[in-house]
Every structure is written in C-alpha cells, then in structure tokens.
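Q: Just passing along the structure, written as structure tokens.
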Amino acid sequence: MLPTTSVNSRSQGNGALSSRDAARHTAGAKRYKYLRRLFHFRQMDFEFALWQMLYLFTSPQRVYRNFHYRKQTKDQWARDDPAFLVLLSIWLCVSTVGFGFVLDMGFFETIKLLLWVVFIDCVGVGLLIATLMWFISNKYLVKQQNRDYDVEWGYAFDVHLNAFYPLLVILHFIQLFFINYVIISDSVIGYFVGNTLWLIAIGYYIYVTFLGYSALPFLKNTAVLLYPFALLIMLYLISLACGWNFTKMLCSFYKYRVK
C-alpha cells in the first residue's frame, strides 16, 4: 500500500536496508496489515472515515493534506485503515437497494443489480482505472530527478475510491429523488436535470482524481489530468442538443442486465 519508495531515506550507512525495515516497508507487508484490519472493526477509525467522506464534498484538498501527514508519520501515503472502504461498501449497498426500489425491481433483480454495481461498476472499473492511472503516472508524470520514487498501485486505487464516493452519492442517492418524476420523462427538463447531475458527478471524479496525483510532490504536469473536462463539457452540450438522456439509458441498461 506504500505509494512511494525512497531507498535513500531508510538506508543504513552502507546503503542497504536492514532486513527488519525491508520487510516492514514492502507493499506485501502493507497490504497484509490492511487486509487483516478488515476483520477487526474495533481497530477502525470510522469517525475519521466519515470526516473524509464529508470533506470529499466540501474541501477535498483537506483530505489529501491528511495523506501528507500520514506520509510523515507512518511513511506511507495510502490508507492503512480500511474504515473508509467498509463505509463506502455499506453506502454502495444501501444506495443500490434504493436504486432498485425506485426502478420497481423485485428482490432477486435488486440482488443482481447489487452484484453488478459492486463487482463491475465499483471494483471492476476501479481496478481498470487504478491500473491505467498507475501506469500513466509512473510512465509520464514522474519527475526525471526523482526516479527513486514511484506511484504504487495501492495509492492509485485509493485515489479512485476518493473520487468514486462523490459520484456515487450524486448518481445513486441525490438522483433517486428526481428519476421517476422528472428525469426519465421525455421532456427537456428531464434530460437537462439528469445530464447535469452526470456532469457534476463525473466532474467531481476528475477533479478529486487530479487532486490525488497533484498531492504527490514527485509528479509533474498533473494538470493534464484536468483535460478530460473539455471532452466532458462537449459531450454534455451534445447530449442536450440531441435530447440524449444518460439516466434513462442507464436505467434501461440496468433493467436489461438483471432480467
């Protein structure tokens, strides 16, 4: 789970890590410690995880400043506490059940929808995006003078979870109050409201992702991660001009998948 590795900072006088330090700072050791804590709820700081969820909406920069603090105190950028992941999973399940209720799905259809959203929309797409961002950041964004540092895959997945949470709340919670009575109607206001919520949700995802990588001091040119905003706005304007209702299309897709 350690997103950066600096050999010089933890080396001994002869330039080599002690066996104890080397074992403690490996990605495998960090991952084992993280997964082990999933079964010890009393060791999780749910209050702090809730704080992060709140500030991912109001001031996401503060969340990443805490990542800096973790790096200074625990020598790792990524979370060592799975409380955020646990709360996100609970929120994902509850919101998906609400989504199934609004779409008038039966019990088994809602279970199928839940499995699809969890393992495809969240985990599957998340693994793909995290891997892609991990490759791009290490290949093109690491500063030439800091080749001793690299972005670990665990941190890339953490950034995805941070960015996914606001998107989830907007599309799987706030949007639910407008689907049946406003969004899926054939009126102009329907696809305007629905597509605007999509614009805000995906815009949040792009921005929080940008903040995650710009927080790493050994990366350069992270502003390029904001470039998808131009494509997003262009697609939004085209959808309004063509009357393309993203939410209505998504609802039809979900209903087709759970049949």
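Cβ coordinates are placed from backbone N, Cα and C, and glycine is handled just like the others.
Curation plays no part in TrEMBL annotations; they are all automatic predictions.
As listed in TrEMBL for this protein:
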REGION    1-22  region 'Disordered'
COMPBIAS  1-17  compositional bias 'Polar residues'
TRANSMEM  83-102  transmembrane segment
TRANSMEM  114-136  transmembrane segment
TRANSMEM  163-184  transmembrane segment
TRANSMEM  196-219  transmembrane segment
TRANSMEM  225-247  transmembrane segment
Q: Against the transmembrane segment (196-219), which of these stretches has the most C-beta pairs under 8 Å: 83-102, 114-136, 163-184, 225-247?
A: 163-184
Q: Against the transmembrane segment (163-184), which of these stretches has the most C-beta pairs under 8 Å: 83-102, 114-136, 225-247?
A: 83-102
